[in-house]
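For reference, TrEMBL has these:
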- 154-216: domain 'T-SNARE coiled-coil homology' (DOMAIN)
- 226-245: transmembrane segment (TRANSMEM)
Amino acid sequence: MSSAQDPFYIVKEEIQDSIDKLQPAFHKWERISPGMGDQAHVTKELLANCGSIEWQVDELEKAVNVAAKDPALYGIDEAELERRRRWTSNARTQVRNVKTGVLAGKGTAGAGNASEVRRELMKMPNSNEANRSYDQYGGRDDDGFVQSESDRQMLLIKQQDEELDELSKSVERIGGVGLTIHDELVAQERIIDELGTEMDSTKNRLDFVQKKVGMVMKKAGAKGQMMMICFLLVLFIILFVLVFLT
């Protein structure tokens, strides 16, 4: 990832622009005589800008600390992390010096502090110098970084292909199981249909037999019914003896 695409350097550019604007703002504050009406307004504006830049630097430093936990994941090395830490530390120092100088800038002491702060601001590299520094120290690592990033992307693609192959095999197995279950359900449905047909046929035969028995009983009368009951009882006794006593 080039410096133009790296989120760190994008935020760094914005912070650097804000720091570069501190110098003319500080010169404006320095030229205002104590007690003038504009002094309070300019001082308030300058302190607000310092607070905003400090917050941005703090957030950028948090991002650097997160990247330091797993540099390989973000494609950076320890040297790059150290450069980023050094830049955030220098930026915080320059902004703190401006803020301290403004808060303490009164009378002659204020002029001395203003001169010291101005010297500190002159030490702060501008955005072009920062880019040249990056090109000098970090540019030589671009080829290696691009190669390592390409290898990492190829490894991720290979892992994803393997996972997709495993997923495809799992889907095929699930599909086979689903077809087997479908065939089993069709067979069970066929058996149930056949059983229902047989039950209907048996029920019809039972109804026919019951009607015939009813007709016979009605024709035989009470005497015939008693004789049939006695016959069935004797037949039951004979069968009982043959089955259990022989």
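Just so it is clear, glycine is given a Cβ too, placed from its N, Cα and C backbone atoms.
Heads up, TrEMBL stuff is auto-annotated, nobody curated it.
If you average pLDDT over the domain 'T-SNARE coiled-coil homology' (154-216) in this model, you get 85. Counted with DSSP, the domain 'T-SNARE coiled-coil homology' (154-216) comes out as 63 helix, 0 strand, 0 coil.
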